[in-house]
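Can you keep this structure in mind? I'll have questions shortly.
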Amino acid sequence: MRVLLVQDDDSIALQIVSVMPLMGHEIDWASSAYEAELSLQSQSHDLVLLDFGCACLNSFDLLRRYRKREAQAAVVALIPQGLFASPMVVLDSGADDYLMKPFELEDLRARVRLSMRRPYRLQGRVALGNLSVNSLDHSVLLDGLPVSLRPSEYRILIALVNEPTRVFTRSELALHLDGQPRAALDNNAVDVVVHGLRRKLGAEKVVTVRGVGYRLCQSA
């Protein structure tokens with residue numbers, strides 16, 4: 001897999017650049033707005049790690065331009081504490097996932113592995129029964145009416161919608177919580193989010209598979 005890192009902090013970048021080859025991935029590093037634009041336009045990548053704390057560029061504008069070209073690479077946003085925009089705004093700009101800074105390298109490895117394991121990006125609008133999810137504007141409709149979801153609820157819903165026939169364990173779904181893979185240690189957090197989804201989408205929409213985890217009910 002080929003990874004593009006957009007990062008203007010040399011100390012952070014060098015750590016990430018040293019880790020990716022150990023995971024078997026090629027990595028390109030862009031440390032300026034010019035290098036980032038050039039790499040995104042002229043090279044093909046499977047994953048983009050985009051730091052939203054870069055002082056050298058507007059990461060929101062860069063990501064929106066990238067998505068307008070219908071690029072399908074997974075984008076993981078690296079979000080600094082205190083960013084003026086919420087994680088949901090970052091997702092609405094075209095990111096598929098996010099990781100809060102500061103983070104441990106093992107957290108980053110988990111995010112990269114997750115991006116390899118399954119497709120993040122839905123192809124536009126996906127309808128499953130009376131549920132519709134639009135990846136372009138991150139909207140969710142139930143029976144044609146908009147549903148307001150918290151970022152953690154949206155992230156777990158996307159995981160379920162991406163693979164509607166799969167049964168996910170709580171630990172697998174926990175990887176999608178709050179941008180921190182270490183949340184996988186707390187399976188109760190997943191139960192809380194699933195409870196929220198059921199309350200907003202209907203109790204029958206997310207099915208419990210006893211002894212395993214959860215799956216989406218496509219016909220409900």
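Backbone N, Cα and C define each Cβ position, glycine as well.
Residues or ranges marked as domain 'Response regulatory' by TrEMBL: 2-116. Per TrEMBL, 4-aspartylphosphate is recorded for D51. Taken from TrEMBL, the feature domain 'OmpR/PhoB-type' covers 123-218. The DNA-binding region feature in TrEMBL is assigned to 123-218.
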For the domain 'Response regulatory' (2-116), give the DSSP counts of helix residues, strand residues and coil residues.
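Tallying H, G and I as helix, E and B as strand, the rest coil: 52 helix, 25 strand, 38 coil.
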I'd like the per-state residue tally for the domain 'OmpR/PhoB-type' (123-218) from DSSP, helix first, then strand, then coil.
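Tallied per class, the domain 'OmpR/PhoB-type' (123-218) gives 37 helix, 24 strand, 35 coil.
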Mind giving me a neighbour count for D51 (4-aspartylphosphate)? Other Cβ atoms within 10 Å of its Cβ, every protein chain shown.
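Total other Cβ atoms inside 10 Å, all chains included: 23.
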